Amino acid sequence: MWVMMMYVVMMMYVVMMMYVVMMMYVVVMMMYVVMMMYVVMMMYVVVMMMYVVMMMYVVMMMMYVVMMMYVVMMMMYVVMMMYVVMMYVVKLERVLGLTVPSNAALDCDPHTGQVAYPAGCTVVLLNFRKNRQHHVQNASRKTITCVAFSPCGRYLATGECGHQPSVRVWDLADRTQISEFQGHKYGVSCVAFSPTQKYVVSVGSQHDMIVNVWDWRGGVKVASNKFSSKVKAISFAENGSYFVTVGNRHVKFWYLEVARGCKFKEPVPLTGRSAILGEQRNNYFCDVACGRGDMGDSTFAITKSGLLCEFNNRRLLDKWVELRTQSANCLVAGESYIFVGCAEGIVRCFSPFNLQFVTTLPRTHYLGVDVSKGLTISHMATHPNNAKYPDTIAIAYDENNHKVTAVYNDHSMYVWDVKDIKRVGWQVALLPVPLGLYLGRGDLPATRGRTGRVLLPPGSFITCSSDDTIRVWNIDPAMSPNTLYKRNIYSNELLKTLYVDPELGFIKDTDVSPQGGDRNDTSYDSRNGVRCIRVSPDGKQLASGDRAGNIRVHELQFLDELCKIEAHDAEVLCLEYCRPETGHKFLASASRDRLIHVFAVDQDYSFVQTLDDHSSAITSVRFYQSQNALQMVSCSADRSIIFRSATMNPQNEVWFNRGHNIAGKTTLYDMEVDHGQRHILTACQDRNIRVYNVASGKHSKTFKGSIGDDGTLIKVVLDQSGIYAATSCTDKNMCIYDYYSGECMATMYGHSELVTGLRFTADGRHLITVSGDGCIFVWRMPHDMTQTMMARVAQQAERASKDKRKVVRQPIDNEDFRQPAEEIIFDQNANEPEEPDYRFSMGQLPLWAKKQMTEPQGAGSGAGDRGGVDMPKGRWAQRLHNNAITFKSHYDTDSVIPFPSRDKRPPDSESSKESSLEENVGVHKQYLAGSRKDNHSHPKQEASAAPDFVPCPDSLKEIISGEKIFKGVAKVNTKRGSDTDSRNRHHTDDSDVSSLRVDGGTTDHDGDIEDCSEHDDESTEPEHSEHLMYYPHNEDTARWVCAIFELFLIDVV
């Protein structure tokens, strides 16, 4: 039993174990299934994640592509915008002249040989080997007084003068400003880089008397101190441990150890030690240079009295040598030579080791030289007895390239080759551009002289200045050799110089201020100075006016004086010749004495008339032609504009009678006549340009002439096409405006004084500006603006060639005059030229009618005085009513059809001139009644007045009916190539390039502006297109203009 029980138990155990195994198997299988499901799910998740990643990658790639496309589009947009901006940016291409007051304003890059010097508020970087200029323009418009290259040549430090002047550091790689420091009050006389390029030292003017040391990369001032006397120059030691300043009884060594050890942001006092001068303590030390190489411990200085001194490392005056000259002005030292610039153009060379004299460099041109004769180098060897030379005021030494650059006080610059010190060569010369420049206003035609050569080649312009000179320039690099004035060895741009003062008293600039500030008033007031110039329309004579009121006329071939007229009691402000198409030859002069004188050019400039209508200084006078008659307009500081017409007086002489008188709101400083001679532009004191209609004197439009809110507009000039107007303001800005839209197209700056003259070149590629600082700037016009101007000029020339084809009248010599009035006036072929066998008869025509029928069309001026319409005269004038119908066309063959009137009032030429066909349609019935009554009430009187003239009532009735009138007029206009609405169509603005029709087009206007204030019909007669280019009118220099403004303000008050 126990066995059975054991067996049962065992069986139960086995069953249980089998059940457990089965359960475990089931669990394992379930776990396997779960695991498999998990694996499948994980694989699905992985696949899904991979899909998501792939999708995200694709999306990212698409976003990247889109982003790259966007970046490319943005870059293309930026490039296009930059291209558009560059297309409308006026660039400074060339600078003629310099404003170097001392040796601190001239420096040379030791690596490239590039020379830096200021020209107004612009620094010119000149490479002589490539003959190329780069420019750094000071946006503050303050005069640059000193420049200094860094030892590596990449950076340039500048100092300026004026209120709160700044020391600026420029990166020459892109010519941008990277640092600016303001630590002076009135002016910076000199700047210098330390040899380590860590510091920049600036010295203030004599009114400032502060020396500052700047960490220009950190933008902080590390040290500063004051001095008690005027400091003229500065020089760093080669090791950079100290720098030396010199001045009036002043030689001081400044040490930088304290500045180097400073750990605070506040500047520390700069340590200085005075040199021991001994018996030279009362001298004026005007320049200093620390030794180089073996002489690095020595310091060299010069005195104004003409001594070259050497100081040792203990600040002791060791030795000196006499320069044997009247005075010494500048000094530069190298490892092998010391060069000293002295008076009378002398540059002496010494050895730095023992101050032994080595050589003297050749002298420059003598004062008063005729540069047009300097065609070979042998001209430099000839000079008259007792010749005078300019003083050397600045000098720079390029030791690597063996070049010495010297600047003289007549504003000339020479570069000497000193590779062989015993045989110094002359490499480059830049001849002077004097101070107080004025640009000649007027066209320079290609006139040929007696030798058959062109007097003034294309690209030429003329300037005058306060040093009593008139200079002829040319900026065309491809100037033709077949001209009277040729390129010379002295200058590539200056062709000829006319010296008005034979004594040459003011050629040298002896009163130069180190800060470029105010000059000696006594010396300036004693100058005569040429104030304005004008070239005659034939290009053979040159008229000039000076500050004493004299007018001189020179012939342009040899610049011989033809006559001198003592015309005014004050300076001559403006000269103006008549245009050739007026048929007159007059010269008008306007002066500060409130008078305008008119002279007859073809009668040896004999006096014609004096006009004294203005009550203040007359700033501008212009001639123009309106309604086939000569007109004159003048503006003055009394805020008035006066229009005058030329008429014949009883003595058969031309006489200018006063017409419109416009009282302006502000003082007027300049005036310009537009290309169509229909409007005048005035430069106003409130910086606006106001446009007036010359026919009515009414104000047409106003637009701004300057972008600034300060200053006064003093100059305005139009380009040859009449599209763009260039202006200058007393805030030293220049702007170019679209004459039609008033939009500012460009703004320029760079001069440090008032811009006294502007002028566009004939090809439209350049704008030339001159200033009282003695610099000439040549600006490169944008390509699109040049193309616009040239397209308009071509359009005007095309229109002018078409307008020359006039209808020629046949002579009237037949005695038969029996054609009915209807056929004469309204024949279908009335506009066709008469057949040769068709003959007319003068019959009983009055004398005035006979004279007109026999004279060529447009020969008389009577019609022009009445708006281009020939008004009846003599006995027939009584039959003309005030409201006579006037047929106006675009051509010169206008006609008037008078109708009889009941009254016998004399004709009103003004009302008949302004009448038109549309204005008189409503009065036809009135004329009919009046004519019938007149014809039946006064038959005897009519018969006695004109026996052979019998009016036909039927024809008259047919005329008044109006049906044939309009048909006839429409037919005439159609035959002449214009539409019936052309008389009433306003002028459109075709200043855009797309609107210009170079091929002739069908535009029947000259691109003139639309009068906003007038609704009366203006004459649409074709105008003679002229390729006239006016020189910007001459204004005062900085001092002269200040004086003018003071007087103007007094007059205004």
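Note: Cβ is positioned from N, Cα and C throughout, glycine not excepted.
Worth saying up front: this structure is predicted, and the values here are computed from it rather than measured.
The domain 'MABP1/WDR62 first WD40' annotation in TrEMBL covers 105-425.
Among the features that TrEMBL reports, repeat 'WD' is placed at 181-224 (among others). Non-local neighbours of the repeat 'WD' (181-224) in the same chain are 102, 104, 145-152, 155, 157-169, 230-240, 243, 245, 254, 256, 258-259, 262, 265, 267-270, 514-515, 517; each lies 6+ residues outside the stretch with a CB under 8 Å from one of its CB atoms.
TrEMBL lists 453-781 with the feature domain 'MABP1/WDR62 second WD40'.
For the repeat 'WD' (748-781), the predicted model reports an average pLDDT of 93. The repeat 'WD' feature in TrEMBL is assigned to 748-781 (among others).
Under the heading region 'Disordered', TrEMBL lists 854-873 (among others).
Per TrEMBL, region 'Disordered' is recorded for 893-951 (among others).
According to TrEMBL, the feature region 'Disordered' maps to 973-1024 (among others).
Residues annotated as compositional bias 'Acidic residues' in TrEMBL: 1007-1020.
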Query - Residue counts (helix, strand, coil, in that order) that DSSP gives for the repeat 'WD' (748-781) - result: 0 helix, 18 strand, 16 coil
Query raised in the report: By DSSP, what is the split of the repeat 'WD' (181-224) into helix, strand and coil residues?
Result: 0 helix, 25 strand, 19 coil
